[in-house]
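Heads up, the thing below is written out as C-alpha cells.
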Amino acid sequence: WAVLVAGALMGAGDVIAQQLVEQRGLHGHHCPRTLKMMAIGFCFVGPVVGNWYRILDRLIPGNTKVVAVKKMVLDQGGFAPCFLGCFLAVTGATNGLSVQDNWSKMQQDYMDALMTNYCIWPPVQIANFYFVPLQHRLAVVQCVAIVWNCYLSWKANRM
C-alpha cells in the first residue's frame, strides 16, 4: 500500500511541477516524465523510505519527545543526505544522462536540494516520529511530500 501511495504521489508532484511551476499546459505536459517519476516512487522511494522507518524504529524505539528528536537527527543527518543523492542519481539515469552528465547534474543540484530539505523536513519529522504510529509514517510523509515531490521533480528534470 505504501509503495502505491509513494508512486501515485510522486506522479502527482510531477504533474504539479509541470503544470503550476513550469506552466507547460496540457498540450505541453510530458507524460513519460510523469510515468518515470511514478516508477521511481513505486520502485525506489516507497520501498526505501518505508524500510528506513522500520529500521529507525528498531534502532531508536519509543515515541517520547527525546526519541522523536533523536530519530529526526538520524533521519536528517544520515538518511536524508544519502537518500537525496541516490534519488538524484536514479532520476538522472532514468532521464538517460550519461554517468558523467549525471554526476555533473548531481553536483549542480545536490546542495541546493539538501538545504531546501532542511527547511521543510525537520519539523515535519519530529511531529511524525512523535505523534504518528510507524505504519502510517510513510503515508504522512508522502502527503507532506506532494510539495517536496513537486520541487524534486522540477529540480531533477531541469536540464
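Keep in mind that glycine also has a Cβ here, set from the backbone N, Cα and C atoms.
Just so you know, TrEMBL annotations are computer predictions that nobody has curated.
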Can you dig out which of the ranges 37-56, 137-156 TrEMBL describes as transmembrane segment?
37-56
Per the Cβ under 8 Å criterion, with at least 6 residues separating them from its ends, the transmembrane segment (37-56) contacts 2-11, 13-14, 71, 74-75, 79, 83, 86-87, 90-91, 94, 134, 137-138, 141, 149, 153
